[in-house]
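Read the structure below first, then the notes.
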Amino acid sequence: MSASKGLHPEAAIGPIAVPAATPAWRRGLYLLVGIAVALAPLVLLESFHLFQLTMAVIMALAVLGLNIVCGYNGQISLGHGAFFAVGAYATAILMSHFDWSFWATLPVSAVVCGVIGYGIGFPALRLAGHYLALTTFSLAVAVPQILKHKSIEDWTGGVQGLFLVKPDPPAGLPLSPDQWMYVVTLIVAGACFLLAWNLIRSRIGRALIATRDNPTAAEAMGMDIASLKTRAFAVSAMITGIAGSLSAVAIEFVAPDSFSIFVSITLFVGMVVGGVASILGSLFGGLFVLFVPNIAEAISKAAPGVIYGVILILFLFLLPDGFAGLLRRIGQRLRIRP
Amino acid sequence: MLLRRREILIAALAAPAVARAADLPGVTATELRIGNTMPYSGPNSAYGVIGRTEQAFIRMLNEQGGVAGRKINFITYDDGFSPPKTVEQTRRLIEQDKVAFLFNPLGTPTNNAILRYCNQRKVPHLFLATGADKWGNWQDTPWTMGWQPSYRTEAQIYAKHLLAQRKEFRLAIVFQNDDFGKDYIAGMRDVIGAERFDATVKTASFEITDPTPDSQILSLQSTGADVLMIALGPKAAAQAIRKVHDIGWQAQRYLTNVSLSVGAVMQPAGMEKGVGIITSGYLKEQGDAAWRDDPGMNEYRAFMKQWMPDGDLHDANTVYGYALGRTLQQLLAQCDGDFSRETVMRQAAGLHEVALPVLLPGITLNTGPQDYRPIQKMQLQRWDGASWVRFGGLIEGAEV
């Protein structure tokens, strides 16, 4: 909470001012370099590490969703694991019961999560701060049990969960299923990151940030706060739900136990470590929540949770505004020097 | 010079074996890698002690010289009981660490998540630490094998006991509405017969989120049933035992052995309220006076003292971990130096009358190419108001 409020206004506005100074050829170059870096693991990594990276990108996408409502709009949600689960189940049910292709399930999953997110957005209007955090938290607690409920068991598979299969690489592409899964994840996540980036730099993005920083002033300037907040929740839930869809096919299995309350906490940790209100920070957040628990376990098997906690505290101590803040500071230094 | 020549000779003789070993995943001339996942963190971390007991056991095996000249490298990772994490850790074990096989990964949803992966890759997925019934399915998942008696086997055993005792009965079952509880319905139905079961048996489902099973107990009592199977987790089982007693329902009660804990179930229910309840077991317990001087339990106690001095002797999970360690030792001995995945799987399905010191007398491990359920016998025990008293002989689950 304090992290979002403590953010310097110029830092959030920073990215808006930059593009004007960046010539088009340079932006194109950045884009090409970015694509090259994103595709490099295809040839550099073997299947297990590629799988891990795929999962990290998926987590990054989920963190991005959370960042839109928490970071940019200042509404604390501890329940985004619920949207992640709904997205995963939407894809799993359509693929295993109706033999839909993965691509066809994505819009459905996005719409379902968007509608649910929109619905959650309404009580959120009346609940602020801690109360909203607790309400969304209860949502995350409830979802795994709802998934087990017998009235929908024929669809969800109950506690046994559902099995599904990764999309096959298109004929003619010399890729393994793991490599193709990575490409699919990159395409979907890349599109979502680009859309989120554009959204935040647009009039609506500025309105979201204004609503967060000073709702009274924002309202005085003619912004419809209620509609902004509920729509922010919808977009946020949609992105996290799409990440859930991707995770379902990457893991090839969904079960209520896959979506415990820890998923929501993990996403929140990813957002804070990566950088609140930062698009790029979400990417770092995803990498952090996937890889750091493994590092913690490599250090101590007896108490991996303690080591994870210590690493987390160290990060928050050394990088109080997340990875994104570190990058921002480095960027500022480089700009001053020439 | 002579020595040199002898060395060369030995090296030449050993060379083919080394070359062959190099082809096998997880097997080198000096090392055998075995993989495992456990919830060392998270809400189910109490089970992590099973993994620690197994680590201690393997440390002991290695100190004693390992198996077939190789040290065992037991690689065990934390999955926090989260299926996606289990998939990640299992892929790490198989693709990166290149383990020969998986041994005793814990949990039903977690093993579900890796079931297809292991069978597609033909990696032995052995002796899973879960009581679900599906691990015995040798037709569809020939690379996966359970270990302990399944809940379904256990329910079959109660049904057999019931049929042996009475011709006429009206059975009621209160069950937790998940895979655990439903296995008891399936097992009872196996033995009683689908037709008779459907016509006479009354069931009531309990959601783990329900505060108490009281209403289920009342509605079952009103059906006039005189036998009650309680397939509930510890907290709800304690409430059910108390309720049945308090409303004066004189039914013969069977209780799942998941909920046989004295401290967590029988005491909260009221020690005298559970007199006559029947449950079952297959492992010896430290708390049972009958095993005070038992050589088998002495072996276990000696192991714990030397290799796991900080472990709790009374924790049933350490007895379980020790039993699994002994099972692994037997499996590796049977492999006789050939640790290819095919051989490991064949030997896992070739356990004959393997006695373990901590199994109840008469219970042995038995498997075959068409029998992926190592333990199928259990012994019944009855609550006498202070402790569980074993009675009768061993009862086997039904063939289904």
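Don't overthink the numbers, they just go from 1 along the chain as shown.
Note that Cβ sites are derived from N, Cα and C of the backbone, with glycine treated the same way.
Whatever TrEMBL says is automated annotation, not expert-curated.
According to TrEMBL, the protein carries these features:
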TRANSMEM  A:28-44  transmembrane segment
TRANSMEM  A:50-69  transmembrane segment
TRANSMEM  A:76-94  transmembrane segment
TRANSMEM  A:100-120  transmembrane segment
TRANSMEM  A:127-147  transmembrane segment
TRANSMEM  A:180-200  transmembrane segment
TRANSMEM  A:232-255  transmembrane segment
TRANSMEM  A:261-290  transmembrane segment
TRANSMEM  A:302-319  transmembrane segment
Same-chain residues at least 6 beyond the ends of the transmembrane segment (A:76-94) with a Cβ under 8 Å from one of its Cβ atoms are 1, 62, 65-66, 69-70, 100, 102, 104-106, 108-110, 112-113, 116-117, 120, 129-130, 132-140, 142-144, 147, 155-156, 162, 164, 233, 236-237, 240-245, 247-249, 254, 258-268
Please indicate, using numbers and ranges, the residues of the same chain that are 6 or more beyond the transmembrane segment (A:180-200) and have a C-beta under 8 Å from a C-beta there.
15, 38-39, 41-42, 50-51, 53-54, 57-58, 60-61, 64, 68, 72, 102, 106, 166-170, 173, 208-209, 235, 239, 242-243, 246, 249-250, 279, 282-283
Given a Cβ distance threshold of under 8 angstroms, which distant residues of the chain, six or more beyond its ends, lie next to the transmembrane segment (A:28-44)?
50, 53, 175, 179, 182-183, 186, 190
Chain residues in Cβ proximity to the transmembrane segment (A:261-290) (below 8 Å; excluding those fewer than six residues from its ends, i.e. six or more beyond):
3-4, 7, 12, 15, 52, 55-64, 66-67, 70-72, 77-82, 84-85, 136-137, 140-141, 193, 196-197, 200, 209, 240, 312, 315-316, 319, 321-325, 327
